[in-house]
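A.B. asks: Below are the structure tokens for one structure; questions will follow.
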Number of protein chains: 2
Amino acid sequence: MEELVGLREGSSGNPVTLQELWGPCPRIRRRIRGGLEWLKQKLFRVGEDWYFLATLGVLMALISYTMSFTVGRVVRAHKWLYREIGDSHLLRYLSWTVYPMALVSFSSGFSQSITPFSGGSGIPELKTILSGVVLEDYLDIKNFGAKVVGLTCTLASGSTIFLGKVGPFVHLSVMIAAYLGRVRTKTIGESENKSKQNEMLVAAAAVGVATVFAAPFSGVLFSIEVMSSHFSVWDYWRGFFAATCGAFMFRLLAVFNSEQETITSLFKTSFRVDVPFDLPEIFFFVALGAICGVLSCAYLFCQRNFLIFVKTNPLTSKLLATSKPLYSALAALVLASITYPPGVGRFMASRLSMKQHLDTLFDNNSWALITRNSSPPWPAEPDPQNLWFEWYHPRFTIFGTLAFFLVMKFWMLILATTIPMPAGYFMPIFIFGAAAFSGAVTHTVSTALLAFELTGQIVHALPVLMAVLAANAIAQSCQPSFYDGTIIVKKLPYLPWIRGRKISSHRVIVEHFMNCSITTLAKDMPLEEVVKVITSTDKAEYPLEESTESQILVGTVRRAHLLQALQAEPPSWAPGHQVHYLQDILAGGCPMEPVTLQLSPETSLHEAHNLFELLNLQSLFVTARGRAVGTVSWVELKKAISNVTNPPAPK
Amino acid sequence: MEELVGLREGSSGNPVTLQELWGPCPRIRRRIRGGLEWLKQKLFRVGEDWYFLATLGVLMALISYTMSFTVGRVVRAHKWLYREIGDSHLLRYLSWTVYPMALVSFSSGFSQSITPFSGGSGIPELKTILSGVVLEDYLDIKNFGAKVVGLTCTLASGSTIFLGKVGPFVHLSVMIAAYLGRVRTKTIGESENKSKQNEMLVAAAAVGVATVFAAPFSGVLFSIEVMSSHFSVWDYWRGFFAATCGAFMFRLLAVFNSEQETITSLFKTSFRVDVPFDLPEIFFFVALGAICGVLSCAYLFCQRNFLIFVKTNPLTSKLLATSKPLYSALAALVLASITYPPGVGRFMASRLSMKQHLDTLFDNNSWALITRNSSPPWPAEPDPQNLWFEWYHPRFTIFGTLAFFLVMKFWMLILATTIPMPAGYFMPIFIFGAAAFSGAVTHTVSTALLAFELTGQIVHALPVLMAVLAANAIAQSCQPSFYDGTIIVKKLPYLPWIRGRKISSHRVIVEHFMNCSITTLAKDMPLEEVVKVITSTDKAEYPLEESTESQILVGTVRRAHLLQALQAEPPSWAPGHQVHYLQDILAGGCPMEPVTLQLSPETSLHEAHNLFELLNLQSLFVTARGRAVGTVSWVELKKAISNVTNPPAPK
């Protein structure tokens with residue numbers, strides 16, 4: 001009976017094949033198949049982007065883990081070499097210094113020879129790209145190899161050079177996302193879309209941070225705070241998804257490699273949960289935050305000026321221009337000599353790796369206790385159980401070592417940031433000053449959350465947050481952030497914020513600051529005049545008017561297209577020939593682009609600024625009654641903002 | 001000598017008064033005074049907004065703490081009454097039910113009599129306000145009193161009604177911010193500014209959440225996720241600052257009141273830090289998340305439809321329209337009868353307060369252990385040391401009680417949400433299903449962070465985040481969020497998201513969906529025609545054209561202003577009189593407003609959507625070559641978005 005019903009259904013609806021009839025329960029099987037089909041469609045409908053993000057996360061986790069693994073091996077080899085080379089001081093010194101020198105000069109030489117874009121952290125450039133500027137080739141996949149190899153070498157030189165991997169990982173992740181995006185558009189056969197692409201890049205930045213620290217929350221927030229000034233909740237969710245995939249995969253690999261029993265926080269600490277701190281301590285937290293704020297201002301100031309000094313000083317600039325590896329090797333030699341353990345490095349715990357530094361930072365042994373109770377001899381090599389001994393010196397106290405460490409690292413870090421190789425600068429800053437200092441240097445609040453995610457304890461949420469806020473308040477009112485500073489030094493374009501947000505700033509309108517001197521073309525312009533305009537100016541595109549008389553804006557024409565069209569029909573504007581007009585070559589195929597958005601002279605500065613930031617614009621036309629009366633670009637906005645925040649003195 | 005130098009300086013620069021000269025070291029004193037002056041200026045320059053935010057945080061903390069304190073006392077009084085009233089079942093039953101009935105009906109009667117806006121959580125309305133819609137009087141300060149008193153009564157009825165205070169606190173906080181903003185603009189004497197005001201409201205929403213939970217991180221993130229779809233990093237920092245002030249003050253009050261030894265996390269738990277969970281458990285976390293997602297869909301579906309049912313059913317709708325307190329009392333009676341401890345409430349731990357529920361939720365006693373080891377008699381009153389016994393029943397196991405609790409609360413919560421009084425719905429959802437369920441219901445990820453901040457432990461970051469993401473993925477693809485659902489039921493205006501974000505959606509442009517039938521006025525229109533247009537349509541404002549021929553858009557005219565101007569000079573358009581034109585009355589003082597932003601027919605749907613969301617717009621004109629060719633408002637955008645996300649079947 002059951003079978004018959006199935007058959008009847010089949011004959012009325014979809015035909016049932018004979019084969020299906022042979023099996024048991026054809027109806028149920030058909031339903032299951034239908035359900036599976038539906039599920040498949042559903043998954044692929046929702047999915048598309050999500051699969052993309054998950055792939056990205058897993059890929060980045062694999063790269064991050066592989067790199068950590070390799071770096072660990074190379075560092076171990078270096079330690080072995082240093083230990084086994086014998087007691088001769090010269091040999092020891094050479095083994096200590098030549099190793100990082102070779103690595104660093106190879107890193108900078110290799111990456112610079114492939115592409116000049118692979119140096120540095122990459123975050124400043126990405127910030128510029130995400131705000132709408134096109135930096136050609138910066139996200140090209142060939143940078144990828146250079147950056148991976150270079151970064152591995154940099155990290156392998158260990159705590160001598162004392163640089164991290166956050167920035168480059170963000171850059172790597174964004175490069176992969178851009179590459180995957182290109183692959184996808186090619187396979188689907190759809191045209192690439194700018195805003196779609198940007199969404200992916202924002203998520204990719206979050207993945208980059210998350211895979212380094214295995215901290216999805218702060219990864220997403222950090223990337224948002226550093227990268228953009230506006231963001232949509234939608235992007236934030238995508239970021240969370242991708243970052244979680246990445247962080248999960250990263251920790252999973254550690255478990256599979258039996259480094260850890262299960263997935264847990266990266267660094268462990270054990271504060272008391274019930275009474276973690278006394279009330280008056282809050283005051284000290286805030287004071288510490290304020291001190292960090294002042295220090296970070298000093299750091300940012302020195303760092304920026306040293307960068308400028310290196311670029312302008314004839315000797316170093318020549319060295320940097322002609323032989324980057326040599327400069328890198330020299331810098332590495334200086335750094336390695338200082339950290340040589342039997343020498344000055346004795347007082348700086350220089351035998352610890354970056355990870356061990358972080359371990360000791362988050363460990364909460366009471367320092368004073370160690371100083372009082374124990375005075376063991378300086379061990380021949382770091383004891384993995386008691387890393388703290390590395391900080392200990394019989395004559396100096398542990399606080400002396402720490403103070404010395406901080407003062408030395410301050411300028412060593414500044415020197416290290418000038419080496420032109422792939423490296424991250426967040427990690428050393430984080431080790432150097434923990435949450436409040438790194439928050440102040442990068443102008444972010446999420447560093448506090450990062451500290452909690454790394455330790456797995458959040459009981460200190462309030463005081464740490466207050467310290468970070470205090471540090472940020474001081475740093476932000478005095479200095480641009482680390483990344484903005486680099487953008488300024490590298491002369492990349494950027495759009496400043498409207499700080500202060502006084503009520504009076506809401507009254508500034510576009511008319512007050514727009515650029516009124518625009519060069520327009522009109523459709524009824526004789527071609528001779530068009531040529532004159534084009535040759536006398538060098539804009540990338542020109543606004544096009546309906547007619548010279550009405551001045552109604554109808555679109556824009558690219559200079560390149562115009563030149564092409566003009567060269568295609570040269571006889572038309574030869575003297576003695578019949579005069580043609582611009583509209584003739586427009587009709588002849590020269591493409592005209594529509595103006596999708598126009599400002600009015602009455603638009604407020606805040607509105608215009610929001611538009612530029614949110615839509616990643618470069619410039620907009622201002623129209624009044626349909627006529628183009630001016631343009632607003634970053635240049636005008638910057639000027640207007642600096643006038644608002646630092647009003648010119650009244651005469 | 002020193003004094004003489006001081007004197008000389010004084011005579012050349014600012015005059016030194018005689019009095020100053022008498023004291024020691026006039027120069028140093030002057031410098032100190034100058035420094036203080038500079039500091040004062042600096043603080044006030046940076047400050048203005050920050051003082052405002054700090055005040056807001058402290059005020060909200062005070063309110064939150066006072067309310068918790070009062071509620072605690074009232075609940076204790078109820079318990080005392082119930083305990084002391086004697087053994088008669090009737091008396092006990094009455095004391096159990098009448099108390100919340102009286103409170104709830106007073107709450108709904110009192111608040112509704114003052115203002116109809118004080119009911120509900122307020123978050124849906126705030127979401128609408130922040131997206132640019134003007135809801136008159138919703139942020140009026142007179143709502144404030146009604147909401148505070150009503151909410152106190154609601155909370156005082158305790159776990160019978162099982163409602164929370166997050167939503168109303170956000171509303172209260174925003175009301176205070178709006179009020180403070182008005183006070184400030186009045187004292188400074190500057191005109192109020194829309195976008196400035198909105199910035200403050202966003203920060204205020206964060207304060208509201210933060211002061212309830214003393215959790216600044218999740219407070220800020222939750223308010224961002226729920227309230228808006230785009231936000232600026234600047235607002236996010238302001239939110240952090242204000243939320244930290246509020247949370248700090250809230251915890252400080254608890255310390256001063258010697259409830260706690262020091263500032264610590266609100267609820268304590270003690271998971272193992274080193275090996276918090278095994279790897280395969282992750283799978284169960286994700287599965288749990290998926291189940292929560294499905295359940296939350298069911299919950300949202302039932303809740304929305306029950307709300308609609310209550311509104312459309314003749315009996316209940318009449319009851320709600322005429323006598324709200326009666327309806328509230330009836331609902332409370334039903335709820336209280338069910339939770340009556342010697343009856344069904346026996347199986348639902350109904351004697352615990354909301355806070356105790358949360359305590360037991362975060363406590364991590366292994367449930368199975370309790371069931372096996374202990375079988376004490378049911379105590380006469382909850383034992384504060386062993387709240388878990390409340391969940392225990394000799395015949396049912398603890399799991400039986402828990403399952404019963406969940407099933408009953410499911411529909412009881414839905415019933416409770418229909419009571420028209422000030423109450424929050426987040427807390428019960430959070431207790432009911434913890435992070436994954438509440439995240440799915442409200443479509444947020446930050447609930448995971450909230451759970452960590454409340455417990456002070458973040459070791460479970462990855463699995464909980466994965467569970468929340470899984471739950472969110474299911475809930476978001478099936479149902480609108482709790483708040484969006486309420487917005488739909490209450491028929492408030494809202495702008496949907498562009499979900500899915502397929503690449504094809506990036507190709508839709510304004511021309512495809514704009515409203516082309518616009519009514520325009522031209523400057524050279526005879527007044528008779530103007531009157532005809534105005535009387536035949538009822539738009540709030542009309543686009544104004546340069547002339548009927550050129551159709552160039554020059555601005556807009558408000559209908560109200562136009563009517564006023566027309567009524568002021570009635571003879572001009574009387575028959576037989578000389579015909580006047582619209583431009584005459586415009587020249588006569590009828591104000592014309594500029595169009596600050598125009599779309600083009602070629603603007604993409606995404607761009608237009610972003611513009612509307614970021615700038616809180618209601619409608620925009622579309623111009624082509626300066627001519628007004630259409631308008632785009634929420635209506636058109638909604639239609640276009642629904643076409644993109646659910647494309648109409650091809651015919």
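Glycine is no exception: its Cβ is also placed from the backbone N, Cα and C atoms.
Those TrEMBL annotations? Automatic predictions, nothing curated.
TrEMBL lists these features:
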DOMAIN    A:514-572  domain 'CBS'
TRANSMEM  A:50-72  transmembrane segment
TRANSMEM  A:93-111  transmembrane segment
TRANSMEM  A:161-180  transmembrane segment
TRANSMEM  A:201-224  transmembrane segment
TRANSMEM  A:236-256  transmembrane segment
TRANSMEM  A:277-301  transmembrane segment
TRANSMEM  A:326-345  transmembrane segment
TRANSMEM  A:396-419  transmembrane segment
TRANSMEM  A:425-451  transmembrane segment
TRANSMEM  A:458-475  transmembrane segment
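For the listed features, I'd like the structural context: burial, neighbours, distances.
C.D. replies: In the predicted model, residues of the domain 'CBS' (A:514-572) average a pLDDT of 80.
Sequence-remote contacts of a segment are chain residues at least 6 beyond its ends whose Cβ falls under 8 Å from one of its Cβ atoms, and for the transmembrane segment (A:93-111) they are 74, 78, 81-82, 85, 118-119, 146-147, 149-151, 153-154, 156-158, 160-161, 324-329, 331-333, 335-337, 339-341, 419-422.
Long-range contacts of the transmembrane segment (A:161-180) within its own chain (CB-CB distance under 8 A, at least 6 residues past either end) are made by residues 52, 55-56, 59-60, 63-64, 67, 100, 104, 120-123, 125-126, 139-141, 143-144, 147-148, 151, 154-155, 197, 200-201, 203-205, 207-209, 211-213, 223, 332, 335, 354, 409, 412-413, 416-417, 419, 422-428, 430.
Within its own chain, the transmembrane segment (A:236-256) is flanked in space by residues 49-50, 53-54, 56-58, 60-62, 64-65, 199, 202-207, 209-211, 213-216, 219-220, 223-224, 262-263, which lie at least six positions past its ends and keep a Cβ under 8 Å from the stretch.
Beyond its flanks by at least six residues, the transmembrane segment (A:277-301) meets 410, 414, 433, 436-437, 439-441, 460, 462-464, 466-475, 478-482, 485 of its own chain at Cβ-Cβ distances under 8 Å.
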A.B. asks: By DSSP assignment, list the helix, strand and coil residue numbers for the domain 'CBS' (A:514-572), in that order.
C.D. replies: 23 helix, 16 strand, 20 coil
